[in-house]
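According to Swiss-Prot, the feature domain 'ABC transporter' maps to 2-239, an assignment based on sequence analysis. According to Swiss-Prot, the ATP binding site annotation covers GLY41, PRO42, SER43, GLY44, ALA45, GLY46, LYS47, SER48.
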Amino acid sequence: MIQLDKLNHCYTHQGNASHNESLSMSFDLIAKKGDIIALIGPSGAGKSSLLAMIAGFLKPDSGELHLNGELITTQAPANRPLSMLFQEHNLFPHLTVFENIGLGIHPGLKLSRQEKEDIVVAAARVGVNKYLDRLPEQLSGGQKQRVALARCLIRQRPLLLLDEPFSALDPALRKEMLELVKHIAREQKTTVLMITHSPDDALKISNKCAFIHNGKIRVFGPTQQVLGEPKDEVLIQYLGF
């Protein structure tokens, strides 16, 4: 379970010569083990900043973050029990698919026989086991994201953060990747927080949905209820109803 308790951060952006623009963010959220939560909202609302605070890339000004009962607010990003997948796959171009996945286990690729076998299994689960000897430049965009997903999964962390990793893929492939994440998350009982600008994608994969507006979670609940029967006026306007 992940719990955000008044996780706050004030972001100041230098605007024109007359003033600076600021956004005061404050997040409260409880996600149970195995929840897949879609984070929706307008650009600049604070969705990516929320994931950055959870991942440790952005230091909160105050508040607490617990994962499975452990306080991780001050932990270094590398020590946090989570994985994160971005729109950019971040594969190393000079390493093979096998090696890129292996980085999820050991940054120096010092792997045991069992760990090497685990890499093959992870590659098979996401459908790239035929390409283990290839370099990223020899893969399609969808295949690269599958490799990046395998690298996340092999770490076997209880929390997976997705920052629109499939938004650049064509609709059919994006749907396939979302179903893959949903299947694996259920199988491993992984908690997933996923940023998306597509209500349809949220409905396909998530059981809960958080609408973020002006740095706060304005609406939170079951996805079908939040998106199918919206009652909040700001959310209704965002959805275009």
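Quick reminder: no glycine exception, Cβ is built from N, Cα and C everywhere.
Highlighted in sequence order, SER49, ILE212, HIS213 have their Cβ within 8 Å of the centre of the Cβ atoms of GLY41, PRO42, SER43, GLY44, ALA45, GLY46, LYS47, SER48, the residues recorded for ATP, and are not part of that set.
Taking Cβ-Cβ distances under 8 Å and a sequence separation of 6 or more, the neighbours of GLY46 (ATP binding site) in its chain are TYR11, LEU23, MET25, PHE27, ILE212, ASN214, GLY215, LYS216. Restricting the average to the domain 'ABC transporter' (2-239) gives a pLDDT of 91.
Between the binding-site residues GLY41, GLY44, the minimum number of other C-beta atoms within 10 Å of a residue's C-beta occurs at GLY44.
Within the set of binding-site residues (SER43, SER48), the lowest number of other Cβ atoms found within 10 Å of a Cβ is recorded at SER43.
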